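Participant: Straight from TrEMBL, here's the annotation block:
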COMPBIAS  1-12  compositional bias 'Polar residues'
DOMAIN    142-363  domain 'TLC'
REGION    1-26  region 'Disordered'
TRANSMEM  103-125  transmembrane segment
TRANSMEM  146-166  transmembrane segment
TRANSMEM  217-236  transmembrane segment
TRANSMEM  267-286  transmembrane segment
TRANSMEM  333-355  transmembrane segment
C-alpha cells in the first residue's frame with residue numbers, strides 16, 4: 001500500500017495515492033537485475049502447485065458445490081449435507097445459538113466466495129479493465145481485478161454490518177457491547193453475517209497462499225491469522241458484539257482504499273487524490289482513534305460489565321432442556337486483548353509506512369514502496 005519508486009527513478013502512487021512525478025533515468029541500469037529476478041520468480045510460480053490451484057479454483061470450487069447438491073439428493077446423506085446449506089441450532093423463539101456444526105455453513109460459504117470472487121474477477125472485471133479502462137499490463141490488470149473484488153465485498157459487508165450495528169442496542173454505546181453476556185440469541189441475519197465474514201477471512205488466507213507472493217506477504221499473512229483467530233474466538237466465547245463493531249470499523253476503511261485504487265486505474269487522478277485523502281483520514285480516525293477507544297474500553301471495563309458467574313449456566317451433562325453455555329476466564333480475556341493489541345501493532349506499522357509515503361510524495365523527496373510489487377512490470 002503506498003507509493004512505489006521504480007529503478008528508473010519513477011515515483012508514483014501504485015496502490016493508495018495518485019500523485020506522480022518523473023525524474024531523469026539516471027539509475028536505469030539497476031532495473032535489469034531486479035527485472036530478471038522478478039521474471040524468474042514468476043516462471044517458478046507458474047510451474048508450482050499453488051499456480052495450478054489458482055488457475056483452477058473455479059473448477060475445483062464448482063465441483064465441490066455440485067458434489068454437495070448431488071449428495072443432498074441421497075436420503076442417507078441429507079441430514080449431514082443440509083448442515084452446509086442451513087444455519088444450525090435454532091431456538092424455539094426463532095433465534096439461533098452457536099455450536100460446532102456451524103463450521104459446515106462456513107465451509108459452504110468459503111466455496112461460494114471462491115466462485116463469486118473468481119467469476120467477478122475473470123468474467124466481469126478483466127474484460128472491463130482491458131476493453132473499457134485500457135489496461136494491458138499483467139500486474140496492473142491483476143491489481144485492478146483484486147481491488148474491484150475488494151470494493152464489491154467490503155461495500156457489501158460494511159453496508160450489512162452497519163445496518164445491523166445501527167439496529168443494535170450497542171450503537172455508539174460501548175457498555176452495551178458487553179452487558180448481557182452471553183449473547184446467545186442471534187437472529188438469522190446477524191448469525192449469517194458473522195459466519196460469512198468468518199468464511200471470507202479464512203478464504204483470504206487460502207487466496208494469499210495460492211496466488212503469487214508479494215513483498216507484504218508476511219504482514220498480510222500475520223494480519224489474516226490474527227483476524228481469523230479473533231473472529232473464531234469471539235464466536236466461540238459469545239464475544240460477537242465486540243467482533244461485530246471491529247469488523248464494521250475495519251471494513252469501511254477498506255472501501256475507501258479500494259475505491260481510491262480503482263479511480264487511479266481508471267485514470268481519474270483528481271478524484272483518486274481526493275479519495276486517498278479520505279482514506280488517510282478515515283484510517284487514522286477509525287483504525288487508531290476509534291479502535292483504540294474500543295480496545296481501552298475492552299481492557300478496562302469488559303470484565304465488570306459482563307460480570308459472568310459461570311455457576312448460573314448449565315454445563316455439558318446437565319439438564320437436557322438447557323443449552324450449554326461456555327464461560328470465559330481471565331486468561332480468555334487476556335488472550336483476546338493480546339490479539340487485539342497485535343492487530344493494532346500491524347495497523348500502526350502500516351500507518352507509519354502510509355505517512356512516510358505520503359510525506360515523501362508531497363515534499364518531492366521520493367519514496368520507496370514497501371507493501372506492493374511494481375505494477376509497471378509486465
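Even glycines carry a Cβ here, placed using N, Cα and C.
Because TrEMBL annotations are produced automatically, they should be read as predictions rather than curated entries.
Context for these features, please: burial, neighbours, distances.
Facilitator: Beyond the ends of the transmembrane segment (103-125), by six or more residues, the same chain brings 57-58, 61-62, 64-65, 68, 83-88, 144-146, 148-149, 152-153, 195-196, 198-200, 202-203, 206-207 to within a C-beta distance below 8 angstroms of the stretch.
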Participant: Under an 8 Å Cβ to Cβ limit, what residues of the same chain, 6 or more beyond the ends of the transmembrane segment (217-236), are close to it?
Facilitator: 98, 102, 194-195, 197-198, 201-202, 204-205, 208-209, 242-243, 246-247, 326, 335-336, 339-340, 342-343, 346, 349-350, 371
Participant: Taking a Cβ cut-off under 8 Å, which residues six or more beyond the ends of the transmembrane segment (333-355) line up next to it in the same chain?
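Facilitator: The answer is 1-2, 16, 219, 222-223, 226-227, 229-230, 233-234, 237, 239, 246, 280, 283-284, 287-288, 291-292, 295, 298-299, 302-303, 370-371.
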